[in-house]
């Protein structure tokens, strides 16, 4: 008898549907990851009871942990399916959708809220004008070096999934967008609009929603110093709000 | 600048000043009971001699604690549970901060009812009042849990204050702040337990 891998998948047939668990047994191959295991189900969508079912739906794109699309909860931890190697996960693996986000179907979730947050905090650098504005100020290399780490965010949603304060009872936008404020407020041209982003962080869904559980920095697959970004912006907000009050 | 921002910052600030300062004063003052009933009664008399003592109580103790407590409960119930799935040290501290806050809420409400409210009804505040309360072993257990929860909530709150105001930013500074909060917890726990057991006469 050849080796098989058991996948226990939390499924949901529609956004309004009720979640249920379904077990699949797939043949083991060396060097499999969760994506290739899911592809086995797609090839032969028969569950452990031998019943033919609809193949499991999930999202994927880059397959090298830079796009963030295949994030899901694997053996209880939120991470990317592409870098989750079967050899390191054991023979029984649970797959769940990231339930902090609306589930579209099975393991596919709607990550739109993170892109809405990026719009809210204005996570971009305005350079368009009616005439050529010329080159912007230079960025010191020492600053570029650490700011680059912040730019590694792939909007995968893991930090929101693990955050106890991002959820149905809280409006907090989560660490992902907060970190982008620090990135764009560090950029020499972006700095010119720093106040607009700080204003956004003082909103009802802003940085005060953070409860310092620091799960985000533990879970971030890109190793972004999210809690340093949060604390640094807390300091910026302290100074900015005081200054704003004194000038009001 | 929204109400949420102002309320959250106010909540964080009040926890340290004046509530945290009052907690230290209160525990230290009560620990004078270790020197015997006379020493404790002297301390009580000294505090009662302060001018505007009722005004000081209202502005620096009652109102800040009332706001911190009610808004704190509101904050605590905004969280979703991420334990034991993500059982990191800071996540446990996050959870305990909320649990100890709720325990402190119940404990302080009961403690104020038994002491300050009874005092307003005319009962004299002295060593005997506390010795009476703590003559029941059940009450001793309740007081130990209540005081330790309150001290934990304050010590760990000092850590999150340093982070929430952007004082301890990097991981190293935040780790140092963890050590500071641990030392504060140990020292204040000793003072608090000393105060409780000074009133326990076997």
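Cβ atoms are placed via backbone N, Cα and C, with glycine included.
Reduced to three states, the DSSP call for residue B:153 (heme binding site) is helix. Within 10 Å of the C-beta of residue B:153 (heme binding site) there are 26 other C-beta atoms, taking all protein chains into account. Annotation source TrEMBL lists heme binding site at B:26, B:68, B:111, B:153.
Look at TrEMBL and you will find B:52-74 (among others) tagged as transmembrane segment.
Per TrEMBL, transmembrane segment is recorded for B:95-113 (among others). Away from its own ends, the transmembrane segment (B:95-113) comes close to residues 65, 69, 72-73, 75-76, 79, 83, 142-143, 145-147, 149-150, 152-153, 156-157, 160 of its chain (Cβ-Cβ under 8 Å, at least six residues beyond either end).
Annotated transmembrane segment per TrEMBL: B:133-159 (among others), in sequence order.
TrEMBL lists B:179-200 (among others) with the feature transmembrane segment.
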Other same-chain residues whose Cβ falls within 8 Å of the Cβ centroid of B:26, B:68, B:111, B:153, the recorded heme site, in sequence order: B:19, B:22, B:23, B:65, B:104, B:107, B:108, B:150, B:154
Site of maximum Cβ density within 10 Å, from binding-site residues B:26, B:68, B:111: B:68
Positions whose Cβ lies under 8 angstroms from the transmembrane segment (B:133-159), at least six residues beyond its ends: 12, 15-16, 19-20, 23, 27, 93, 96-97, 99-101, 103-104, 106-108, 110-111, 114-115, 168, 174, 177-178, 180-182, 184-185, 188-189, 192-193, 195-196, 199-201
